[in-house]
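Participant: If you scroll down you'll find the structure; I have some questions about it.
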Amino acid sequence: MTKYTFLIIYLFCLIEIIQASVGDEQPLYNNCVDECVQVSCPAPLSYSLRLFKWSCSENCRYICMQAATDKAIEEGLPVYQYYGKWPFYRCLGIQEPASVLFSIGNGLVHAYYFRQIQKQVPSNYFFKGFMLLYTVIGMNAWLWSTIFHSRDTKFTELMDYFSAGLLVLYSLYYAILRVYRLKSSIIIQTLGVLFICVFIVHVGYLIIVTFDYVYNMYANVIVGGCQIAVWVGWFLVQNIKQTSARLYAHLAVISGVGVSLAMCLELFDFPPLWRVFDAHSLWHLSTILLSVVWYKFLIRDTQHETNTKSYTAMKLLPI
C-alpha cells in the first residue's frame, strides 16, 4: 500500500472526526437535552435500559438525537453523527442492533468451525492446535465486538479494538507458520514470543501514552496487508509450479482480499439506512461469508497436507 493510499485513509478519518462533532454541537440538540434532563431526571428507566447501564441523561441524549434527526430528515438537511456515532434506532437498550446481530453471526462461524476442525483435522496434524487457537481468538474478537456495539463505553471500545488487533496479528503469525511450513519448535516459539511482545507494546502504547485511532488503524492495515501478501505469494507459487494445492489456494486469497475490499466500506461511511444499517454493520455482514471461505480453505488445506506422501505426523501445540 503506497503512502498516498495511507494519506487518503487519513483524510477520510479526519473528515469523519470533524463530522462527528457536528450533531452534538447543534443548539437545538443541546437545548433539548438540557430541558429533558431538567424535566425527566432522575426518572425510572425500563429494565432493558438499566441492563445495558443507560443513565437518565444518556437516555435524554438518545431521545433528543432521534428528534433532531427526524427534524433534519423532514427539512431535507444532512443527518449528522452525535458523539462520533450515527443516530441508530436502539433495540431493547442495544445501541447498534445490526452490528450486534452480524457480530454474533461471525462469532457463530468461528464456534462452528472450532467443532469442525476438532472433528475433521487429525489430532496429530502439526497445525491443528494453531487452527483451534485461531477460532478461539476469533470468537473472543467477535464477542467483544458484540458487547461494544451493544453498549459503547471506553472499556468495551478498548476491548473491541485490542481483540480485533490480536486476531489480525495472529492471522499473520499463522500465515507465516503455514506458508513457510515452520516445524521447528524453537523457531515457532521465538516467533510467537516476538509477536506477543509486539502486541503488548502496541496495547501499552494505546493505554499508557495515547489512544491514537489513526495509528491503531495504520497498525492493523499494515499487519493485515502483510498477511495478505504472504498468502498471495503462496497462491502464485502454487500456480506457477502447478502444484495440486493450486486447486484450492485461491480460497485464501479470496478471503484475505475480500476482507480488505469490504473494509473500504469504512472509507465511504454513510448515514444508516432506516437508521439500522451503516457501512460498519455491512462490513460485519460481509465477513460472515468471508470467514466461511477462510475455514473451507483451512479444511481443504489440511486434507491436502495429510494426504501427501511427505506428510509426517507431528503435534506442536497441545490443544
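Cβ atoms are placed via backbone N, Cα and C, with glycine included.
According to TrEMBL, the feature signal peptide maps to 1-20. Summarising the annotation, TrEMBL assigns transmembrane segment to 97-114, 126-149, 161-180, 192-211, 217-237, 249-268, 280-299.
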Participant: Look at every Cβ pair spanning the transmembrane segment (161-180) and the transmembrane segment (280-299), keep those 6 or more apart in sequence, and say whether at least 3 of them are under 8 Å.
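Facilitator: No, these stretches are not in contact.
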Participant: Cβ pairs under 8 Å with the transmembrane segment (280-299): which stretch of 97-114, 217-237, 249-268 has the most?
Facilitator: 249-268
